[in-house]
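Asks: Structure provided below as structure tokens; questions to follow.
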């Protein structure tokens, strides 16, 4: 697969649409110009389920891949290689690239090259006040006066050419913010279960969950706790459901929460969120919040787009 992608139009994917992301071996070699965002790409790929290694000498790539794939069973690997690798390794990239494809298959190995326009790179280095790798003479950080920044950027293009010419995908980050970069990478590599909705019932008397994205207080609803025959039951029991059936406000509140979540949860997906936690709280976390959490799970699972997972947990279950 050879796709050079510098525009926003086409969006090549590294996986077959009919194949599960987790079932396919995906070895992604990520290289590119200093300041173009290669490290950000590796961090995003790690968030997307890749085992990421940055600044790996090219000569060690075959050994690292073999250990990760054969010894650890890891199937999604992103290896960052850049100008800091020994120069002899760069000239030997073709042989390393071919050996990986022979060992793991043509479709398993992809080279991604990250770049940016020269004026963008200069602006980024000036903004961060970092020194270009080719302007550093030794490990003490002494600046190499043989290169100014534009010259170092131009020289790096020449040195990385052995990798660049094998690029299956090129990403120009000049006009991309971090959110757009995330979206682009998600399109390239594919993501199983792109977002998980975690519904959590809890009791306010034991404290509010600190990791919730949304918290709904349902203590205004009728409380089965005050019915002696229902005190030992929970919101998962049929008799509690029958109790709530006599109160239309319970159905109305459940519907209102579902409407709100159906409206806004898809936006979290487009904002590159992987999980969203929705907490439903009553006094003790046994009746009202449990009942609504269970019914919300059923409602959302049927109404949200396919591929989203809705889970339900009850924080106070050990207290029942």
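Residue 1 is the first one shown; counting continues down the chain.
Each Cβ is built from the backbone N, Cα and C atoms, and glycine gets one as well.
So Swiss-Prot says this about it:
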type    : residues                       : note
BINDING : 32, 33, 34, 35, 36, 37, 38, 39 : ATP binding site
BINDING : 82, 83, 84, 85                 : GTP binding site
Asks: If you compare CA-to-CA distances from residue 37 (ATP binding site) to each of the binding-site residues 82, 83, 84, 85, which comes out shortest?
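Replies: Sorting the binding-site residues by distance from residue 37 (ATP binding site), the top entry is 82.
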Asks: Let's check the environment of residue 85 (GTP binding site): how many other CB atoms sit within 10 Å of its CB?
Replies: 22
Asks: Within 10 Å of residue 34 (ATP binding site) (Cα-Cα), which of the binding-site residues 82, 83, 85?
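Replies: Candidates kept after distance check: 82, 83.
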Asks: Across all chains shown, how many C-beta atoms besides its own are within 10 angstroms of the C-beta of residue 35 (ATP binding site)?
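Replies: The answer is 25 other Cβ atoms.
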Asks: Work through the binding-site residues one by one (38, 84) and point out the residue whose CB has the fewest other CB atoms within 10 angstroms.
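Replies: Among the binding-site residues 38, 84, the lowest count of other Cβ atoms within 10 Å belongs to 84.
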Asks: Given the binding-site residues 32, 36, 38, which lie within 10 A of residue 85 (GTP binding site) by CA-CA distance?
Replies: none
Asks: Closest of the binding-site residues to residue 83 (GTP binding site), Cα to Cα, picking from 33, 38, 39?
Replies: 33
Asks: If you count the other Cβ atoms within 10 Å of each Cβ, which of the binding-site residues 32, 37 comes out on top?
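Replies: In terms of Cβ crowding, the pick is 32.
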Asks: For residue 39 (ATP binding site), which residues in the same chain are close in space, meaning a Cβ under 8 Å from its Cβ, but six or more apart along the sequence?
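Replies: Listed in sequence order, they are 54, 80.
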Asks: Using the alpha carbons only, what distance in Å do you get between residue 33 (ATP binding site) and residue 82 (GTP binding site) once rounded?
Replies: 7
Asks: Compile a sequence-ordered list of residues in the same chain as residue 36 (ATP binding site), six or more apart from it, whose Cβ lies below 8 A from its Cβ; state 'none' when nothing qualifies.
Replies: 114, 115, 116, 121, 173
